[in-house]
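**Q** According to TrEMBL, the protein carries these features:
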type	residues	note
REGION	28-55	region 'Disordered'
COMPBIAS	28-38	compositional bias 'Basic and acidic residues'
TRANSMEM	61-81	transmembrane segment
TRANSMEM	101-122	transmembrane segment
TRANSMEM	134-155	transmembrane segment
TRANSMEM	167-189	transmembrane segment
TRANSMEM	195-216	transmembrane segment
TRANSMEM	228-244	transmembrane segment
TRANSMEM	264-285	transmembrane segment
TRANSMEM	297-318	transmembrane segment
Amino acid sequence: MARSKQPAVKRESSSEYFNKKTADWEKTIDGASKEKQANGHVANGGAKPAKGSPAKNEAGVVQLVIAVAGIYASFLTWAYLQEKLTTTQYGPEGAKEVWRFPVFLNTVQSLFAATVGLFYLLASTPRGQAVPPVIPSSAILFPLALVAVTSSLASPFGYASLAHIDYITFLLAKSCKLLPVMFLHITVFRKRYPLYKYLVVAAVTAGVAVFTLHSGKKHKSSSKSRDDASLAWGLLLLGINLLFDGLTNSTQDYIFQTFRPYSGPQMMCANNMMSTLVTGVYLLLRAALDFMARYPAVWRDVLCFAACGAVGQVFIWLSV
C-alpha cells in the first residue's frame, strides 16, 4: 500500500512548467513545427545544439557585416544624390533651374522600394511555405497608413530646411533622431527605458549639438551671408522633419510588437506601397514631368536616388 505514493510528482510538475513557459515562445514562430521537434530532441539529449552554434554565430556576424556595408554604400550614395538634386542647377547658362519637387522624388523612391520589398519578401520566404501577406489583417491598416503619411510628410520638410541650413547641419541633426523616437515612445506608447539608454541618447544629442553650434560660430565669424531668421526657420523645418521621423519609427516598433509575427520585408513592401498611394494622390505630376522633359539629365539622378534608397532599405531590414 505504501508504494502507491510516487515521489516523482515534482518531476512531472517541472515538465509541465517547462511546457507552459515554452508554449508562448513557440507560438510566435510561424511554421515552426520542425523547430518544436528539435526542441523535443534537445530535452532528451542535452549536447546536440552545441554542434551548429559556432557556424550560426559566424553566419550571423557575416550577415551583420554585409548589412552594415550595404547600408553605408547605399545611403552614402543616396545622401550624395540628395544633395546633388537639391543644389544642382539644370539647364543652359542664363536659364538655369533647381529641382524643387520632393514629393515626386518620394513617389519614385517609394515605388522602387515597394517593388524591391516584394522581391525581398519572396526571396526571404522559405521554400515550400506560403508567402505571408503584406497586410495580414484590417487592424494593421491604420498604423501602416500612419507610417505612410508621416514618412511621406517628413521628407518635404527636410528638403525645405536645406534652403536655410547647410547639409552638414542637416546630417548632424538627423543623427539626433534617437531623441524624438524616445520622446514619442514615452509620451504616446507609454514605454519606459533603463537609465543607461537615457544617458546614451543625451550624450549623443549633446555631442551633436555642441559640434553644430561650434561650427555655426566659425561660419558666422567668417561670413554673414546666412541670416539668423533664415537659420531659425530652417531649424524649425528640420525639427518638424525629425518629429515625423520619430513618429514613423515609433509606430513601426508598435506594429512589430503588436502584430507578431510581422517581418521586415512585409513592412518594407506595405509601407512603400501605401506611401506611393499617399504621395501619388497628393502629387501633381505635370510640373515635375515638365521639368524632367526640359532637362532629361535629371532622370538619371532621380532613378539612381530611388534605387539607392530601395536597396538601402533591404540592408536595414536585413540587419534588424
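Cβ coordinates come from backbone N, Cα and C, glycine included.
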**Q** Could you pull out which residues elsewhere in the chain have a CB under 8 Å from any CB of the transmembrane segment (228-244), counting only those six or more residues past its ends?
**A** 150-151, 153-155, 157-158, 160-165, 169-170, 173-174, 176-177, 179-180, 216
**Q** Which range out of 61-81, 101-122, 264-285, 297-318 gives the transmembrane segment (134-155) the most CB pairs under 8 Å?
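**A** The stretch with the most close Cβ contacts to the transmembrane segment (134-155) is 264-285.
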**Q** Under a criterion of three or more Cβ pairs within a distance under 8 Å and sequence separation of at least 6, are the transmembrane segment (101-122) and the transmembrane segment (264-285) in contact?
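**A** Judged by the Cβ rule, the two regions touch, with the required three close pairs present.
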**Q** Using a Cβ-Cβ cut-off of under 8 Å, list the residues of the same chain that are 6+ residues beyond the ends of the transmembrane segment (264-285) and lie near it.
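**A** 103-104, 106-107, 110-111, 113-114, 116-118, 120-121, 124, 132-136, 144-145, 147-149, 151-152, 252, 255-256, 313-314, 316-318, 320.
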